[in-house]
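For reference, Swiss-Prot has these:
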type: TRANSMEM; residues: 15-35; note: transmembrane segment
type: TRANSMEM; residues: 36-56; note: transmembrane segment
type: TRANSMEM; residues: 77-99; note: transmembrane segment
type: TRANSMEM; residues: 104-126; note: transmembrane segment
type: TRANSMEM; residues: 140-160; note: transmembrane segment
type: TRANSMEM; residues: 166-186; note: transmembrane segment
type: TRANSMEM; residues: 213-233; note: transmembrane segment
type: TRANSMEM; residues: 246-266; note: transmembrane segment
type: TRANSMEM; residues: 282-302; note: transmembrane segment
type: TRANSMEM; residues: 309-329; note: transmembrane segment
type: TRANSMEM; residues: 351-371; note: transmembrane segment
type: TRANSMEM; residues: 377-397; note: transmembrane segment
Amino acid sequence: MGARAIFRGFNRPSRVLMINQFGINIGFYMLMPYLADYLAGPLGLAAWAVGLVMGVRNFSQQGMFFVGGTLADRFGYKPLIIAGCLIRTGGFALLVVAQSLPSVLIAAAATGFAGALFNPAVRGYLAAEAGERKIEAFAMFNVFYQSGILLGPLVGLVLLALDFRITVLAAAGVFGLLTVAQLVALPQHRADSEREKTSILQDWRVVVRNRPFLTLAAAMTGCYALSFQIYLALPMQASILMPRNQYLLIAAMFAVSGLVAVGGQLRITRWFAVRWGAERSLVVGATILAASFIPVAVIPNGQRFGVAVAVMALVLSASLLAVASAALFPFEMRAVVALSGDRLVATHYGFYSTIVGVGVLVGNLAIGSLMSAARRLNTDEIVWGGLILVGIVAVAGLRRLDTFTSGSQNMTGRWAAPR
């Protein structure tokens, strides 16, 4: 069955959510890769101020996901999706006219918090509508997600030839259209409408006492830290191998990652599901993720086999990283729902995203420090060996998850959360 037929096989809310995510990522990524340059250039902010703005934007999203998830479970998925799109429209619109640091900070915080509102709600809504097709639904969702990431920067690059503020205005327009589209096309769906009324603190207590869920979040934090190296360690390695043509090599790595995500996602998911099943696929995917860094660990530079071979090792690592990331995402999203016991799904998604986001931030600081130390000592192998070790720990955590859940599966084989 082709991708188009699979897409048409989902109900209207699921299809709307997938298209919505495509639009969200186009609107976001047509702007964000170029924001720091605008802040430091035409707007004239100091480097510390640029870092502050980017940090506020990141924290207001990553740090607030659990708030968005909690609100979605209380007020329904659709209102939070619409509110998030509307707030991001306003945040980008403010960025068009912002000329001072306080106004830029407000705009950055608004755009970040908007993502914290709609992100858990979108995933909770899709999980509810997909029913038993969660893995397939999230695989298709990731195709739209990655397509937006690929196209967004290209659209932004074209608009930058005119003016950065036109790019920002266009991004605001995209989210404005998404707001209207969700109002018209997305049916109302109240999350956990039949559950007993509890306080927010009681809901949070349910989540933080869910040991299998926390084990998943901790293990996947390691996996996300490894996946993020397509933006950190691998580009830095490219600049070392090809200092005069590093951008060409980096573009090649991103092209490979994008092609795998968009063109291979459904095939990878189907093959993993048939070969290993939902639970074991997480372990296998994390194992491939850890193994992704073996090529660059064996050939960290051009001294042993030449620069060409080292470049091929780098591209191979990027390719394996892309395959592993594509393999993990659908099963990971299903696991969050399964471990929630279909209760407080958006709240679980929100906490999950916050835990992973904060963990990746800390992990990147550690990895960056390790890379600096390795460069001073001229021992690149330390970096790649450290990343492989992180992957091994993540695999061990996911295997431990099997131990947690082996005695608590319901009749459909989905993991059950503790009551």
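Note: Cβ is positioned from N, Cα and C throughout, glycine not excepted.
Quick caveat, the model's predicted, so the values are computed rather than measured.
Listed by sequence, the residues of this chain that lie at least six past the ends of the transmembrane segment (77-99) yet keep a Cβ under 8 A from its Cβ atoms are 20, 24, 27-28, 31, 43, 68, 71, 106-111, 113-122, 124-125, 128, 165, 168-169, 171-172, 175-176, 178-179, 182-183, 186-191, 346. Sequence-distant neighbours of the transmembrane segment (104-126) (same chain, 6+ residues past either end, Cβ-Cβ under 8 Å): 13-14, 17-18, 20-21, 24, 28, 39, 43, 45, 52-54, 56-65, 67-69, 71-73, 77-78, 80-81, 83-88, 90-92, 94-95, 98, 137-138, 141, 175, 189, 191, 333, 336, 345-347, 349-350, 353. Within its own chain, the transmembrane segment (351-371) has Cβ neighbours under 8 Å at 58, 61-66, 69, 119-120, 204, 207-208, 213-214, 216-218, 220-222, 224-225, 228-229, 232-233, 236, 336, 382-383, 386-387, 390, counting only residues six or more beyond its boundaries. Proximity of the transmembrane segment (309-329) to the transmembrane segment (15-35) is not established, fewer than 3 Cβ-Cβ distances being under 8 Å for residue pairs spaced 6 or more apart.
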